[in-house]
Structures are given as C-alpha cells and as structure tokens.
Amino acid sequence: MEIPEDLEITLQEIRSQWEFASICQFLNLFYNAVGLESFDTDEFETDLVTGKSNANIIKLQMKLLKSLTGLNNILLDNYQNLIIKEYKKHNLDCSITEKLDFFDLPIREKIMILYNLCEWQFENADNFRARITEEDQQTWRVDPIGYDQKGNKYWLFDDNRLYKELPEVIAKPKPRKGKRRHRRDTTENLSNSPAMKQNRWQLVCLTSEDWNNFPKQFENSKYQIEKDFYEFVTTYIIPKVLDALKSKEKKRRLQEAIVHRKRSSRIQMKEIEKFEKERKAELERLRKEEELKIKREEEKRRKEEERLRQIQLERERRIKEREEKIRLKEEQKQKEREEQMLREMRCRRNEEGPGINGEPFEFKCICNNNEIDIEHNEVPLIVCEQCNVWMHIPCLAMKLLRFTEQPLLLYEDDIEDWKRILFICPRCKAKELNIDYDKVINKKKRGRPKLSEEEIQRKKQENSENKKQIRKRRKITDENGVVFIINDGISNSDTSASNSNNIILDSNDQPIKLSKYKLKKLEETPEEKAERERLKQERKELRRKLRLEKKLQLKLERREQRRKERLERKEQEKLQKKMEREKLRQEKKEKLQMEKLIEKMKKRNLVVFGPVGPDGQPPLLVPNQLRQHRPKVKKQSLSKDNDQLLGNNYNSISSSVTTSVLSEGSV
Ligand SMILES: [Zn+2]
Ligand SMILES: [Zn+2]
C-alpha cells in the first residue's frame, strides 16, 4: 500500500476532490447493493493512483453499470460504450470517446465518471432502493461533525477519513446537504468554475498519527466553538476511530503474516493458528454441507428412479392382466363351443334313440322296466354317459321332482333340456358312493306284497282287455289346423300299459308318431292351457328373480371389495405421510443445529477480529455507533445570544449544531 513519491501529486489531487470522498462513502455503504464482495478506500485509492490493478476499477464500473441498467451482458468490449450511453441519457458530454479510453483520461475525469455512476444509482429507485436498508439510506445523509473559527467544515466518513471543507467564496450548494437532485443539477455547472478549482477540499486525517495530531491545534483555542469541537472530537470521535484503525491494521498485519508465513512473535503465531483453525472448521462445515446436499440429491434421484420403476412394473402388470383376461375369455368361448357341440351331440343321440342300425343296447329304467319296444316307443329316452344304459326321461324327472316336492311338470321344452344335459344315471352315482342303487330301492318296496310272475301276467291281460273295451275314436284339431284321430283308452296312471296301446292317426287315417306330451298338449282345455302358461310364466319370473338376486349379490360383494381396497390405500398413504413429516422434522432439527453452530463460529470470529465483520468487510459499525452520541440537529430559530456569539457567520443549521454541542458541553 506504499505509494511512490512521483505519484504523490496524483494522490493529493484525488484527496482534494470531494467527489472522491463521495464515491468512497457510497461504496462503503452500498458495496453489497451494487454486487461487490467488499470495498476498501485505501485499496481503491491505490488502484486509482498507481493504475497497477485496472481490473478492480473495471470490475467496479461493470458492477455499477449492471446495477444501473439491469443488463446481464456487460463485457470488457462494451462497458465503456454503455457509460457513454448513460451520459447521453442524462444529456451530458462524456469524456470517454472512441479514441480516448477511460484509462487515458486525467484522474479528475476518471473520478467524475465514477462519481456520476454512483449518483445515478438513486434514480433507479425501485431497483436500487430495494437492495438497501432504511438504515443505510439514513446513514448516507451525513452532516459535518464540526466547524472551526475560520468557517471550515469537518466531514467524517465511514472509511474513518476526516476531510476539511474551506468556506465557500461564491454561493455553492453543500455536497451532502439538501435535495440531491438539486445538487446534481448544479454541480455540473460548478465543476469547472474557479471556485471548484481552488482546493477547497482537503484530507485532514488518514492515519492514527493524523488523528492523534489533529485536535492539538484546537487544544488551547480561545474560541468557544473550537473548544466545543475539540471536546467533541477527543471524547467521542478519536477513541472509536483509533479503535477501528487499530483493528484494521491488526487484520492487515495478520493477513500479511499468513501470506508470507512469517515467523513473528509467539502471540501472532497463536492468532494465526487460531485463525487457521477457524478457517478449517468453516471449510469442514462447508464440505459437510456439500456432502449432505449431494446425499440428499442422490436420495431424491433414487426415489425418482424407484417411482418410475414402479410405474413401469404397474404398466407391465396391467398389460399382462389384460392379456390373461383375453386368453381366459377365449378359453371360455372355446369351452362353451365345445359344450354346445357336446350338447348337440347328446341331443342327436338321445333323439335317435337306442338300437340304431340294429346295434345292441341295454335298457334298464329306474321304473324297473327292463324291456322296450323301440318301434312303438313314445316315451322320450336318455342314455347314461357312464354306463350307456337307456332310461325313461319322465321317470327320472319324476324321481327328481319328487325329492324337490314340486308338481310334475314336464313339457316339450323340458324334454329338450333333458336331452342335452350331461346325464349320469342314479345307479352310476350310487356306485360312486359304494351303494347298490337297486338294492336300496327294492328294500323300500319290501312292504308291498310281492306278486308272483303268473299273477302279474294275469293282471296285465285284464288291464289290456279293459282298455280295449273302452277304446274310443277321437278327433282333435291342433293350433295349426291339423286334425288328429286318436284311438285311446281311458286315462291311465300306469304309463307302461297305455304307451303301447295308443294309436294316433292323422286326417288321412295314416298312423303317426306323436309323443305323449304333444298329445297331452293337444287335448288340454283352455283353462288347463292358461294354467300351464301361468306356471311357465311363474317359473320364468322365478328364474329372473334368482338371476337378479345373484347379480345384486355380486355387485354388493364387489363394492365391499372396492371399499376395503380404498381403506387399505388410505391407511398406506397416511403411514407414508407420517414418515415424511418425521423426516422433515429431523431435517429441520439438523438445520437448526447447523445454524446455531455457524452463529457460534461467527461470534468467535468477531472476538478475534474486533469490530471487523466475519467476512472481512470494513468496520461499518463504528460511524453508526458514533451517531448515537452525536448531538441531534434541531431546526429552531436562533436566540439573540448565540447570534451575537457566532457573529452571524453560519447558516441556521450549522448554528443549531453548535448550540447542541454547546449545551452538551456545559452538561
Ligand atoms: Zn321308466
Ligand atoms: Zn349309468
């Protein structure tokens, strides 16, 4: 930070320009708002004077431009053009031209450009003000801290530099008072005026030595105003400024020591070690945070993958299910077709009856009839699928219906159904249960007196003779108008006897085959027919009801199932949510602990570096603390005494400051 002597003149020039102090004050307060990591007046000054590190100046200009314009593509080859544009926007001539670079300009012009860039930030009110705090805005408006008898004003800024402003020769607005807009409008006109060219602005205090020497000139002053100023400066300002300068110097030396790895005193080494330790801890913390972040991201990625995999699995499952359904349906259809074919085959076989083409067959009905006359048989027959024994359908139906206690109702459509079923005879079924069917049935009939073979033969003959006697010839017309002529005996419950005796002729007296049931249908009275229809309807209704009930039951079952599934799903979701909440709580706890740790670290840092912030920014706190002790500026009319004392040399505000200083001094 040492400056060669040949640059001393430039340095003096910078320090005698109040715009430079303004830039420094602005950046000390708002470096964060314009996007800089830090700002140091000394470094800035060195950069400007020596021109060694133009990079910092360019960076500063770019940041100011970015904050001003909001543009993102500010580059090395266009930022100076943007400055020219900003000047045009404000109707001002810019010193930068196509031939003249910023760094070719005299130092005064450079400072003017930087000053304007800072000043214009406030025009971009919405954008810029959003980034600064109310407190910052108030700190920005600085008053002089005091006056001397010659009318010089003394200004203290956040970089702990004290400037002196000599009294004005012609009327000129003060640099830090009043409305900024007004001042900006006039400074441009005044910047080249002779008044401004005089060195009315001087840097008075920079180093600790300067600060120690400065108040001596007022120590023995006979003027009250200077006595008060001396009192104020030595009591409030100097201790705090010296503290800040000391800690800054300490930090600077510490950093130098770290850079050069100097073997300095034992205490310094200890401090370095401590600093290193803190730095390592900070690094470790950052590393851990990074690790945690990576872990979390990994977890997130894994979860997402799992989710996608689940979706894929679910889709595959659905496709499989659908295929399975189609397959089952197809199988069902095939089965039905086969079933249908089998039914048709059975029907054909039962319809054709036994003994086709003279093949041998076995007939043994449960009515104990072992013989059958195929030629004249009218009773529908069925064959057992297992033992191939033929039986009367009505006998089987009667047997079946007797057990269900239903009236015997056997019509043609029922017969058609019978012919199609997969029929296993009662004997075969009994055999499966190791029961001899005939034995069991005959046992039941044991109560009846058994007739001898002769008696049976005789009874048969009697019956047939009886029937022959009452045989009648009847005419019946069916619904299609076909006339049948029937030779019939009287209605007889003994079917075996009547079967063979029925002879039915058509209208041409040709004998035809007509089933007993068809015959019955033909002969029935209208009342009987109505009754039959009614019963048929009832059965239909019953079947329909049963079907409906079954459907309803199925529906209810399905609904119940769905309800259960829904409940299960809800339960699962609840569990998952609970787990997530638990996890979130854990994370929050960890974060809180981490924050506490950081807070602790920061506190320790502060102990090491004094008023310097943990990030190495300049000691902003000092001037704010000063403000608390600085007397408040009151706008009040002057008393006559004060007027006399001050000789009307100052405006009302400066007088009121003095008044306050006075009153505080007397206390
Ligand atoms: Zn039978
Ligand atoms: Zn059988």
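Heads up, the Cβ atoms here are built off N, Cα and C, so glycines get one too.
Since we're looking at a predicted model, the values are computed, not measured.
Noted in TrEMBL for the protein shown:
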| type | residues | note |
| --- | --- | --- |
| COILED | 269-348 | coiled coil |
| COMPBIAS | 450-468 | compositional bias 'Basic and acidic residues' |
| COMPBIAS | 627-637 | compositional bias 'Basic residues' |
| DOMAIN | 364-429 | domain 'Zinc finger PHD-type' |
| REGION | 448-471 | region 'Disordered' |
| REGION | 561-588 | region 'Disordered' |
| REGION | 614-667 | region 'Disordered' |
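Taken residue by residue, the domain 'Zinc finger PHD-type' (364-429) breaks down under DSSP into 25 helix, 7 strand, 34 coil.
Within the region 'Disordered' (561-588), the DSSP-based counts of helix, strand and coil residues read 28 helix, 0 strand, 0 coil. In the predicted model, the coiled coil (269-348) shows an average pLDDT of 93.
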